[in-house]
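According to TrEMBL, the features are:
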| type | residues | note |
| --- | --- | --- |
| TRANSMEM | A:232-255 | transmembrane segment |
| DOMAIN | A:234-359 | domain 'ABC3 transporter permease C-terminal' |
| TRANSMEM | A:275-306 | transmembrane segment |
| TRANSMEM | A:330-352 | transmembrane segment |
| TRANSMEM | A:378-397 | transmembrane segment |
| TRANSMEM | A:403-428 | transmembrane segment |
| TRANSMEM | A:449-469 | transmembrane segment |
| DOMAIN | A:454-619 | domain 'MacB-like periplasmic core' |
| TRANSMEM | A:675-701 | transmembrane segment |
| DOMAIN | A:682-800 | domain 'ABC3 transporter permease C-terminal' |
| TRANSMEM | A:730-753 | transmembrane segment |
| TRANSMEM | A:773-792 | transmembrane segment |
Amino acid sequence: MRRAALLALWSHWRRHPLQLATLLAGLALATALWSAVQAINAEARASYARAAAQIGAGGLDRLEAPGGPIPLARYVALRRAGWQLSPVLEGSWRLGERRLRVAGIEPLSHPPLPAFAALAEDATALPQMIAAGGLLLAAPDLAADLATALHEMPGRPQVRASDQVPPGLVLTDIGVAARLLGRPDQIDRMLILPDQPIGLAPLSALAPDLQRLPGRAGSDTARLTDSFHLNLTAFGLLSFAVGLFIVHGTVGLAFEQRRAMIRTLRALGLPMRLLTGLMLAEVMALALLGGLVGLGLGYLVAAALLPDVAATLRGLYGAPVAGGLTLRPAWIGSGLAMALAGTLAASLHALWRAARMPILAAPGLQAWAERAARASRLQALAGLGLIAAGLGALWLIEGLIGGFALLAGLMLGAALLLPPALAALLRLGRRRARGVVAEWLWADMRAQLPGIGLALMALLLALATNIGVGTMVKSFRQTFTGWLDQRLISELYVTATDDDQGAEIARWLAPRVQAVLPIRSVDFTPGGAAAGQTVTVYGVVDDRSYRDHWPLLQTAPRAWDRVMAGEAVFINEQLARRVGIGPGDSLTLAPNWQLPIAGVYSDYGNPTGQAIVAMPSLLAHASAVPNRRFGLRLPAAEVPVLAEALRQRFDLPASALIDNAALKAQSLAIFDKTFVVTGALNLLTLGVAGFAILTSLLTLWSLRLPQIAPVWALGLTRSQLARLEIGRSLLLAALTALLALPLGLLLAWALLAVINVQAFGWQLPMALFPLDWLRLFALALLAAGLAAALPARRLYRLPPSDLLKVFANAR
Amino acid sequence: MPAKLILGLCMAILFAAPLRAQGYAGLGSTAEAGFATPEHGRPLVFPRDHGPHPEFRIEWWYLTATLAGPDGTPYGIQWTLFRSALAPGEAEGWQSPQIWMGHAAATSARSHHFAERLGRGGIGQAGVRTGPFEAWIDDWRMAGDDGLRALRLTARGGDFAYDLHLNAEGPLVLQGDRGYSVKSADGQASYYYSQPSYRVTGTLALPSGPVAVTGQGWLDREWSSQPLAADQSGWDWFSLSFETGAKLMGFRLRGTRGDFTSGTWIAADGTATALTPGALRAEPLESSDAAGPEVPVRWRLQLPERDLDIEIAALNPAAWMGTRFAYWEGPVQIEGSHRGRGYLEMTGYDD
Amino acid sequence: MLLEIDDVTKTYAGASRPVLRGVSLTLAAGQTLALTGESGSGKSTLLHLAGALDRFDGGEIHLSGQPLSGLDDAGRAALRRSHVALVFQQFNLIPSLSVAQNLAFHARLAGRPDRDWIARLTERLGLAELTLRYPEQLSGGQQQRVAIGRALAARPALLLADEPTGNLDETASTAVMDLMLELVRESGTALFLVTHSQAIARRLDRHLHLAGGRVV
């Protein structure tokens, strides 16, 4: 019995291969985008975890020399004074075309490292690392390259691959690093170990010239990048939802078409429970199949997107992420689970209806108009409720989660409101329509709404997201470009190798340029309201350039005068928003250093807090302020000559000099890379929405004939009807696009004013880009037109006898 | 003393992962690795041999002292500097293959404090030199004259410190056969000499406050490349000073082929007599797990040729050294045919 | 002659035997004709051909003097709009339009909307109370009355009806048929009715029987 029933159920799919393909494609697409995002997130998180474990010492305080490296002898002297420290030497190492970061640590004193722990089993590893030619640890891909490249090197170090080493990093013993970097008697910093003996002389007395920097509490990378990943996840979820619209539509149709069969099977004595069970099993099997295909697709999408994501995370947050993708059980599991759960959710309604269907009820003959009106009212109420809930969530839930809850409520609510809104528009259109065909067209579209509504919701979401995210990105870019123009005031930037050279360069430059603007900063951990934040405090010299150009968002009277007199401080927007302070408040940078805030400036460089004080003021309160970087003001035409002269005179590497234009280009390049993924996901989502329209039109096909046949019989040609079919799809898409515009702008506003503030700490002005809307509008019409083209062509080619069958066949 | 400790050192200390299986097999043949082997009959030369021997794999400067406070409260301290070579020889800077490890402890009947230091050779963070003599790691020092007659000893950890003056009251004692000390029936051996007769004065800083202390100290110097046989899993080591002025260094190496005991009897005038293997009998009487693994904390020692039949008991059974390579080391009280105080070390009980 | 069918043959694509093998008949304006025949005898097919709904293979059909064989899709659609009206067994109505809109649909499509005539038809068909309803909300008999009203509203020269009461019970069937014949006569419309009921066939001016693809 079970076998026979299964065969009967399966025969449906054999007879409707397109429907089956649609269902599987919908599932696969939904799973693909979701699991792609999950794969990317998993990969990034794994990279952070590796990095956090490797640089696990990040939580320790450290000692640095403000001007550059520290002589090795200083380390030995402090050790012999009893201080438990661990030296670190780091540098950039050129290997052929590649620039690598070499981190040399001292394995005896360094806190335990996972990469090293793996070596413990190997008795030859340590002698090799310390006493023999050296041992380099690197991520597997880099390790392979290293082994090849080092092949020729005499007394070459051995290379070991380790999954525990962050990408792009070569981890080794400090002695090996010193050899590779050619810095035998230097270290860059010392980690202050947690366990110290009693009775030590204070470091401030032993090494007043060294700067003690606080360790970072918790994982900064994770905190900073959380917002980015939440963003991606939201996108993945959206794509998944859009894909599920397809699944819901197809499964619903398949059940609708199998009503007669189900009724027959039940009449033949198949228990409903068994039948429901079989159908559930069938749906789950399809979900599994579609989910697996989706995972494969997702892997490809993720592999294609990951390099850009990795670049973004590196550029934006300095978070090390490998560009390679590994299969991880986490996202494979989550992808399959989502496919199954999503299919179940999308099929439950259809299953429930089939299970409750009486054996003998006649089909149809229900008052669809009344039913539709009632459903439409309910849906509108639910939509309004969701939007209200979203607004409530923003108010009730702190932080980014609240922001995303607002977005979710807004988007889903608006999607639910779409069919009622479209119905109203179509009613309006029909009242305005002249001509009987036009009237019929509007009425027919309204009648079609319940069937195609879900696909249109998907389109609405995709379009609104496109508009919203597009507006956000472009607004951001516009603001960012303007800000760069303002902020990068110097024509040339130079970085000296150490403080002494810095001072020398400054002296040498003084008579040659209009102004030398030192860029000097120290990290402070303020008290008071801003406690718990790390604030990078910059000292500035009094120069017109700052007063003329610095991008201030809010100012108090005489702001610059007061700051330059050392009586006030400027803070960046991030700090102002995070702590909730502004002009009129004051900032306690150190126990004995409290300054009123004279202004807030915009700062899109990174998400951390910053402040600006007068240079003398900074030097008075910080013992060790590096003096290696300078901005130079000079006529733009003289830049190349001066740069060359500087290079020659001080033997500076190419990277030590960067002109304004190059810096700007670099910054913008990083910016653009950041949003490559967003753009790609945007386009994919729109593609899925277009596909959803196609599938719903195709699945509606058999239901369309009874609507069209009478009109044809009354004297419309098939080509007219085919054109009307396309027109209908275009019109629905156009109306949806029109409704998507305000929603998209609302979304953009939420992104700029809520999400950005939560994620980065800055609010951006919103700019409008009508040309983009037009382009998107055209894209939506194109998608809808393409989606309708296939059914329209089928209609155009349909033999009249097929249309005539409608009048003879019972449903 | 703790030879196996050193064998594990080069790996275990670096990665904080004890190396049980490595044992001897992991080290391979000493000759292959290029390390020197102790030679029977080679005379020790001082002060040269107070300094390091980088061509040998392992070496230590090992000082223990039994002390008493003004009110007679017994204390003990340990100060040890180990040297372990990843490869024979010495080099400048980070390229030095020498690794140094310091252990310091202060023990009373109720408390046991210890600390550990690690350092690389070649950069000056740790080392030993003569002319004048100095052994150091970080701020821990044992320094004095080249005859090791008068030394100053300092160390500090997170909750204790000491600063002691040591004055030798007798001559150096060459262990075994003129400093050639056999460690197994197979002939494994080390160079080994001691200064067992320091008079100690100084200050002990404990969480409860500083204590002025006096007492007796015992310095062991030993170096080798392969001091244990393959089957030997641990040892029990005694350095005992009797009220008569006589002293006993004895050890029991526990092996699957049976125990190997040996030692040296040092008369009150400093005359040393090597014990024949097996002459000393050591029998555990009572065990304790007060600070971790179960170790014997009461022993019966018998040396019939000296009419010695004593019971020794740990001052503090919890004197466990929870360092990267863990062992038990602490002061003991002696009762029976002879009375006195000493130090006991036990390794290989934490497997 | 309003309708001249001359030696028409038709074979459906994929069928092994022709459904019509040289059928000829004529129908004058205002005349009513009943066509009976077994299931599958081709009577519906002949009706469809007469209504320019489908193409035939051989012979010729003239509708209002116009030969159908030369007409393209658009020409046949125009002919359907302006000269013929159709009533089928079921699914006559446009589901998305109300009764009133359905009633006026064909007339407006044909460019001959006549409010008074439609109002009279609505009254005569007993649909006055139902004009705002949608087809799904009507009974079978009501639906067929709307279909008849819509067909006649356009004042076609020829009304083609294919078993218009085939789905109705006997009472409803008689009532609908009575109304249709009455209105056809009143408006002077020619009627080509396909039915399997001899009783109904006898009420029309002429009665032909189709068997084996030929008129007998």
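Using the three backbone atoms N, Cα and C, a Cβ is placed for every residue, glycine included.
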For the transmembrane segment (A:449-469), distant same-chain residues with Cβ under 8 A (at least six beyond the ends): 235, 238, 241-242, 245-246, 248-249, 368, 372, 375, 411, 414-416, 418-419, 422-423, 426, 678, 682, 685-686, 688-690, 692-693, 695-697, 699-700, 703, 732-733, 736-737, 739-741, 743-748, 750-751, 772-773, 776, 780, 783-784
Counts of helix, strand and coil residues, the domain 'ABC3 transporter permease C-terminal' (A:234-359), according to DSSP: 107 helix, 0 strand, 19 coil
Stretch among A:403-428, A:730-753, A:773-792 sharing the most Cβ pairs under 8 Å with the transmembrane segment (A:675-701): A:773-792
Residue distribution over DSSP helix, strand and coil in the domain 'ABC3 transporter permease C-terminal' (A:682-800): 103 helix, 0 strand, 16 coil
Local confidence of the prediction over the domain 'ABC3 transporter permease C-terminal' (A:234-359), expressed as mean pLDDT: 77
